[in-house]
Ligand code: NAI
């Protein structure tokens, strides 16, 4: 099938590469020429495990360009552009609107297309995009069959390729059975898992075929917000209990393990730490609150999840202050900048909040990250930090180290060598990632979250 993807960021690129690997002919469009140039050369523009290999393997089915091609015949067009936060918390639809207009202008007479909202968009956006396209077609006197569907994306950064090839479910919100039919055909290789799994992204053992959930556009749109608000709340819930665990002297990692074994609860998203970050949870929880407010409806659970998350980041600073007493003039080394492990994404990263507050309080800040340092230098040239090439160089002269990102390689840190180069001995593990015993054996004072 012919697939066009508007917006080649984390979601657009992953979706495009996966669909090309499944055998569709995919054109990925991005208005940023730098992104298009690099992708056309086979270079991955984001850090995602398995992406670069798949990009190479699917190259013959993939094209990258800055302009939307003529949309003729039968096909699917995905809108996967950003939906940032407006001042009132609502999602800003300016990029979606622009993309919809640009798509509409390329639709040729006789085309039979499904335009899919893949971006996370507020309730009513399918109808809104449909209106933009219909008005454009009428204005140009172009006769074409175009349906607009909602097909929210649930991938997690750091495992985006895996989540795209082996989804838990596929949700399609569309009013017209023809649109559902086309999207069903598009996703058939995923739904039936008829493709050969790439070696870098193997199919999980005991993977059950993903159900296709067909519903209305409104329910599909609400599903995405409900999923993200629920996951954000789950993290805030365990963080709230982690603080109580600190008061009463319990270990939250053991509590989380014990409750997570209850199949009604499940073990995921129960890691107490510095709280969530990233481009989605903060933005989407605020957007759904803005939607609720427009109906004069309050959502206290979601509001509290946001509040607890903000408080949790500051709690890490307070803990540092409590142990170091004076932050002014002390040297703090941050292990990790990315908002979570296996990604180079810095959007709403807790590390940025730590840097801001530590700098305000006069601390000297050193940082290390396995992949996100280039992005940090490019996006935040004024960041008041010293970049270090490895964890040992980071540790040199530090009064304290803070584990900020749950990079898998940080579970294997050379703690003895690092301690030998430090001035102080505090290791604040804001992800509960390390083994406290190993840290103590290395001569460090280990402080975790809720334990
Ligand atoms: P991103 O910022 O990485 O990518 C968006 C891309 O769209 C950019 O490269 C930008 O240059 C391009 N763009 C914007 N307007 C364009 C236009 N008119 N024509 C061509 N290209 C255009 O954003 P990301 O993270 O991929 O998110 C996209 C949407 O997907 C958002 O609504 C987000 O909430 C949602 N989402 C993101 C997930 C994630 O983990 N990043 C997961 C699930 C949903």
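Backbone N, Cα and C define each Cβ position, glycine as well.
Bear in mind that the values here come from a model prediction, so they are computed numbers and not experimental data.
Listed in TrEMBL for this protein:
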type     : residues                                                   : note
ACT_SITE : 280                                                        : active site, nucleophile
BINDING  : 30, 83, 120, 157, 283, 347                                 : NAD(+) binding site
BINDING  : 154, 155, 156, 157, 224, 269, 270, 271, 272, 273, 277, 340 : substrate binding site
DOMAIN   : 333-436                                                    : domain 'UDP-glucose/GDP-mannose dehydrogenase C-terminal'
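Positions of the features from TrEMBL, shown on the structure.
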residue	record	Cβ within 10 Å
30	NAD(+) binding site	22
83	NAD(+) binding site	25
120	NAD(+) binding site	26
156	substrate binding site	14
157	NAD(+) binding site	24
270	substrate binding site	20
272	substrate binding site	28
277	substrate binding site	24
283	NAD(+) binding site	21
347	NAD(+) binding site	20
Across the domain 'UDP-glucose/GDP-mannose dehydrogenase C-terminal' (333-436), what are the DSSP residue counts per state (helix, strand, coil)?
36 helix, 18 strand, 50 coil
Determine the binding-site residues, out of 30, 83, 224, 272, 277, lying near ligand 1 in the sense that the CB is under 6 Å from one of its atoms, and give them in sequence order.
30, 83
For residue 154 (substrate binding site), the number of other Cβ atoms found within 10 Å of its own Cβ:
17
Taking the Cβ of residue 280 (active site, nucleophile) as the centre, how many other Cβ atoms fall within a 10 Å radius?
24
Spatial neighbour of residue 270 (substrate binding site) that is closest, considering only the recorded positions 30, 120, 280, 283, 347 and their CA atoms:
280
What whole-number distance in angstrom separates the two most remote CA atoms of the NAD(+)-binding residues 30, 83, 120, 157, 283, 347?
22
With every protein chain in view, what's the tally of Cβ atoms within 10 Å of the Cβ of residue 224 (substrate binding site), excluding that atom itself?
23
Integer Å distance between the CA atoms belonging to residue 280 (active site, nucleophile) and residue 347 (NAD(+) binding site):
9
Rounded to the nearest Å - Cα separation of residue 224 (substrate binding site) and residue 283 (NAD(+) binding site):
12
Structural state of residue 120 (NAD(+) binding site), classified by DSSP into three states:
coil
